[in-house]
Amino acid sequence: MFSLGAIKIPTVAFLRKQLNTTALIEFGKYIQKVFPAVFSTEFIQHEVVGEYSYLFTVRGSDPQLMPYMLLAHMDVVPASEEGWKFPPFSAEEDEGYIYGRGTLDNKNSAIGILQALEFLLRRNYRPRRSFYIGIGHDEEVSGLDGGKQIAMLLQARGVKLSFLLDEGSGILDGVIEGIKSPVALIAVTEKGSLTLNLTVRSDPGHSSAPPKETSIGILAAAVSRLEKNPMPRLFGYGPELMMFEHLASEFAFPLNIVMKNLWLFSPLVSRIIERKPTGNSMVRTTTALTIFKAGIKFNVIPHLASAAVNFRIHPAQKVAEVLEIVKDTIDDDRVEITVTEAFDPLPISPWDDQALGVQIFRRTIMDVFPHVSSIAPGVCIGNTDSRHFTNLTDAIYRFNPVVLKADDVSRIHGWNERISVKDYEKQVEFLFQLIQNSDIDKLPKPHLSTHEL
Ligand SMILES: CCCCCCCC/C=C\CCCCCCCC(=O)N[C@@H](CC(C)C)C(=O)O
Ligand SMILES: [Zn+2]
Ligand SMILES: [Zn+2]
């Protein structure tokens, strides 16, 4: 059963230096109380990193086996009191669901991992393969003080990982149009990100005698041009090609033929997929206007107008290319463009018969979710703490073992975030199995089944 107390602790991250530190400390105390075996077992070391994050080192019995890592975070995005069926930190249960901020993102993983380990320890289990558990405290505001510090600590200790598993994708049931059965998407990369600040300055003055153009008008026109001119379609140039090829047999005729021949049909397919926001995020670098500020009084022409625009960069593009397109699209020297943050899409993790992590996930998914009809490589459309771990392994995977239905995706960071009791139990079962399945020292034989790889 989900430790409901974890959801009740409002570990909200507003900005990098604006965290609810009281709640973060309480969360640390809470996990010590509810997972006594994890905190007292002789072969498990726990450390607090960056003041609030946790790093667990679980020493396996066979030091020859290269360790792996499970990553999650305890912080959550803010939640308004309105719009929710139940208050976001009440952990209310209703018709088999637990409601609350963090139930999908990402206390389900943080608590789920520790719960699975606690169960194993109570059965006197000791793993053969060592592993690390990282529970970050600031993922929602960059991960620089939590996840990144854990990565740097491990790097300083010379640790190399055989694979790493974080949040960022899931088992999609009815999310991809045309696919009826649930499919597990394990993200092998995540999109890059670029945030720009746009500023326009013009002479202030009385609203009774306005100039032809004001800072607000100039800026509004610039951001509107960005919105009306989406970034180029790149569908088929990144790992989403692999994803749809793997999923081809899930589509009914004639779409299955279309998906098997994306070299020919990708222009057509991308025009269909891009109609929905999640589909559009697979097709191109997305453009999101997120902040717009100007003016202080109805009869004062403001001197300054500013806006923030956030781009999520398609795996086949780089920051520099996006920036060039933005400048060409705005095409107005009065708009000052400054980069607030930028990073390229993450490297693509291996997806082949030699990829230990993939084989272990595949086997565990088939054990725990037998109704899943395909397992395919995907792309994480947001960013995760795992991006700070690229110096420790090239095998980074993003997959939350939870079934997401069409309306669940918008609950993440939205209203009425919830997880069913059954789905949470499945998540713990997955992690319980995964830890044991990771003890193999060589790859399992290819499985004869209809599951895709
Ligand atoms: C053809 C359609 C495929 C659609 C796939 C959609 C799958 C959606 C499934 C899960 C959504 C996962 C959301 C990704 C996690 C993002 C976590 C997050 O919000 N991170 C922040 C980090 C930032 C550095 C503060 C972010 O803004 O990305
Ligand atoms: Zn998250
Ligand atoms: Zn999040």
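Note: Cβ is positioned from N, Cα and C throughout, glycine not excepted.
For the Zn(2+) 1 site that TrEMBL gives as HIS73, ASP105, the extra residue drawn from GLU26, GLU42, GLU47, GLU167 is GLU167. Counting only same-chain residues six or more apart in sequence, the Cβ atoms lying under 8 angstroms from the Cβ of ASP105 (Zn(2+) 1 binding site) belong to VAL76, VAL77, GLU167, ILE412, HIS413, GLU417. Around ASP75 (active site), the same-chain residues six or more apart in sequence whose CB sits under 8 Å from its CB are THR11, VAL12, ALA13, LEU19, LEU24, GLY136, HIS137, ASP138, GLU139, GLU140, VAL141, GLY146, listed in sequence order.
Within 10 Å of its Cβ, the residue among the binding-site residues GLU140, GLU167 with the fewest other Cβ atoms is GLU140. Counting Cβ atoms from all protein chains shown, HIS413 (Zn(2+) 2 binding site) has 16 others lying within 10 Å of its own Cβ. DSSP assigns HIS73 (Zn(2+) 1 binding site) to a strand. Listed recorded positions: HIS73, ASP75, GLU139, GLU167. Those with a CB atom under 6 Å from ligand 3: none.
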